[in-house]
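Just below is one structure, and these are the notes that go with it.
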Amino acid sequence: MVSRCSCLGVQCLLLSLLLLAAWEVGSGQLHYSVYEEARHGTFVGRIAQDLGLELAELVPRLFRVASKRHGDLLEVNLQNGILFVNSRIDREELCGRSVECSIHLEVIVDRPLQVFHVDVEVKDINDNPPRFSVTEQKLSIPESRLLDSRFPLEGASDADVGENALLTYKLSPNEYFVLDIINKKDKDKFPVLVLRKLLDREENPQLKLLLTATDGGKPEFTGSVSLLILVLDANDNAPIFDRPVYEVKMYENQVNQTLVIRLNASDSDEGINKEMMYSFSSLVPPTIRRKFWINERTGEIKVNDAIDFEDSNTYQIHVDVTDKGNPPMVGHCTVLVELLDENDNSPEVIVTSLSLPVKEDAQVGTVIALISVSDHDSGANGQVTCSLTPHVPFKLVSTYKNYYSLVLDSALDRERVSAYELVVTARDGGSPPLWATASVSVEVADVNDNAPAFAQPEYTVFVKENNPPGYHIFTVSAWDADAQENALVSYSLVERRLGERSLSSYVSVHAQSGKVYALQPLDHEELELLQFQVSARDGGVPPLGSNLTLQVFVLDENDNAPALLASPAGSAGGAVSELVLRSVGAGHVVAKVRAVDADSGYNAWLSYELQSAAVGARIPFRVGLYTGEISTTRALDEADSPRQRLLVLVKDHGEPSLTATATVLVSLVEGSQAPKASSRASVGVAPEVALVDVNVYLIIAICAVSSLLVLTLLLYTALRCSAAPTEGACGPVKPTLVCSSTVGSWSYSQQRRQRVCSGEGLPKADLMAFSPSLPPCPMVDVDGEDQSIGGDHSRKPRQPNPDWRYSASLRAGMHSSVHLEEAGILRAGPGGPDQQWPTVSSATPEPEAGEVSPPVGAGVNSNSWTFKYGPGNPKQSGPGELPDKFIIPGSPAIISIRQEPANSQIDKSDFITFGKKEETKKKKKKKKGNKTQEKKEKGNSTTDNSDQ
């Protein structure tokens, strides 16, 4: 069994040898070489020719090159059988620092199958410079190192091999070190610094050298590293005193711890070698050690016991100074102390009879304390003088020999200085003099000499009406510079009567916190401005106080619905009956719904709309959006119902809006069925026709006056602009918006005069803005919380102009008047405010939707007349509205200029003019004259002056 296994093993071995021989016969091995970084297409070898293959059989036999790791680096051209470089070859990437580097390829051909092995050696080129691992090497070398001391350095490395990696080193020139190269067994070299000159840290604490490494390639590359050599200190310098002998002269009887001398030694070393300790030498006797002591750290020699001239007049002290080096080094000096005879008794100061604290209102000359001084010496050494700390409101007055009084020299103010630390110095007449001091603490007691002060004299607060009782309006705060009870501030109202009621029925002030509360709901229609004073009183005796003016503006809310006014045809709020001829054309005014709203601003701006009729009904009427005038939209025909019931909805512009409904009954009649109506119409036509010309003349006159005013303003502006510019002449004027509705268009103006600027000229104050007399106070918007306060507080509130107030009856007639807020907007532009005045729109047919940008409704009082800041288009009358009334300020007259030409589709609207009383009277006289002349020319005997 064993022999059979042995025979089988021999047979296997012989078979393996035969297969290996056959493989070597069928396979071959080639060797090529190529330099790294060779370009693409670089020739490596004629591999087909070297393998004995014909070029024509490369493709049929499927000639191919295979490599396990680097198959894409080399490629064979099947057309010519040349092996060439296909991609970049980096020897350092392939083989690292290995000396031998090759690429192994397997060339395979079929028919029959043959495998050839090809080794391509990659030769190195010098493409890498020497590199150091760091840019700077630090070496710490003690200055005590001996000559020829060696300090190894970290060498450079080169990624190349062979001659390209052989490095040589070079050191920058210096006088302390030379460079030595050590060869390693692996042929690497590393540099070593060799000390050739002793180092001295005191002369050169550090050295900077440059080590350069150069490789052996062609061309050669270099790399460098900076060497920072830090010289460490060695204790090679002994401490040295400034002088070997010190001489000191001092008087006898010096107190303990009196400084005799401060010795100063220096050591050129550093660190612990520079730290020194002072001590008495072993040669100093014990008697001197008892009388003097030395501070081992600072070198100060001080008196430790009584020194008396009569015992010894000189002392010789030997002092050593030792550093903390290893080994320590010592320096020496001698101190000669010479004592001088002197006045050896100091004065004594005694302070008695203190009257503290001192009230700040104490009279000048008040005695604060008594001071006595004494000195046990005699003669000049026993004569004592006293002095006080300078720059204090006290002085010393001598009352008797060695007795003084501390008295008040000037007025005290506790708020400026609450306490004084006085130092009384007593000095005798010795040479040198001795002195003693005593401290006196004087506390200043407070008196009530400061009244509580508010941050500003007045504030403006805005509160919405209908507030709940106990609503927090504002918080006042005053500050008192005094202390304790004198600084406790309490607040109260300055009581006064508002009509028949007292102020305390409206508001209250919390005595401690200063919070102001509204005791009842405020009503804007009843009380627009609540102005009162809050008093702040301190707790002093007698108490001092000051007042603060608080202006509370009650902001309007939409809490009043529109109210219908009575008309000649019916009672207020009831149905109105009107007769209309079927022959009237489009645009004929049938009736006018009049309403008034007790609110202000947008809450009183009324609009009218016709309620929709039943489905399929034809209503030939419409209502003016802001005039309330019901007019025909077309010519009436037989198909129209003889009785029309119109529902007109009147609503304001508040949030939410409130409404009222008016009912108008219109009866359509034939001409023969309404003789009374016809007669009334014939009677009214004449004055209306006569009034047309009056309106034309009046409009022409107004335009002429306005043009003259504009020309005057332009001329005045040009003259002012031609003058020398003054700083701040045309600066931006900060507008203060102090009242705003929810839609943001109604505002109160803080300033009664507005500046008109042009270019760089002087400011203009000629243009008057009619506004309520609001004080230029800080604007505070109260919505349940206190708000920030700012603005100019230097002006006082002014009373509003009575010329711009209207009676209740006049307000009712202004249901469709154009307010100055809507017609004139003062806009702050780049060149200054730009004012637009109300104008009459052209008489063009109005659109179906009604008037656009309407005037405000009735019920708005004169306090709403103001200019408006900010951009935005001014609200103007609609294109189909012609003003039918002029309201002349200062006069209760309402001049009617209504005209109703036949077949006219023009709706009417009102606007208000403004001006002085004298100009108003002249215009009224002129209107009356024109009307009289028109009456005479046309023969009309009646004039409708109902609106006047």
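Every residue, even glycine, has its Cβ placed from backbone N, Cα and C.
According to Swiss-Prot, the features are:
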- 29-132: domain 'Cadherin 1' (DOMAIN)
- 455-564: domain 'Cadherin 5' (DOMAIN)
- Asn256: N-linked glycosylation site (CARBOHYD)
- Asn264: N-linked glycosylation site (CARBOHYD)
- Asn547: N-linked glycosylation site (CARBOHYD)
- 732-892: region '6 X 4 AA repeats of P-X-X-P' (REGION)
- 732-735: repeat 'PXXP 1' (REPEAT)
- 772-775: repeat 'PXXP 2' (REPEAT)
- 797-800: repeat 'PXXP 3' (REPEAT)
- 889-892: repeat 'PXXP 6' (REPEAT)
- 1-28: signal peptide (SIGNAL)
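For Asn547 (N-linked glycosylation site), other Cβ atoms within 10 Å of its Cβ number 16. Listed in sequence order, Phe241, Asp242, Gly299 are the same-chain residues six or more apart from Asn264 (N-linked glycosylation site) with CB atoms under 8 A from its CB. A Cα-Cα distance of 65 Å separates Asn256 (N-linked glycosylation site) from Asn547 (N-linked glycosylation site). Counting Cβ atoms from all protein chains shown, Asn256 (N-linked glycosylation site) has 10 others lying within 10 Å of its own Cβ.
Using DSSP to sort the residues of the domain 'Cadherin 1' (29-132) gives these counts of helix, strand and coil: 12 helix, 40 strand, 52 coil.
In the three-state DSSP reading, Asn264 (N-linked glycosylation site) counts as coil. Per DSSP, the domain 'Cadherin 5' (455-564) is made up of 7 helix, 51 strand, 52 coil.
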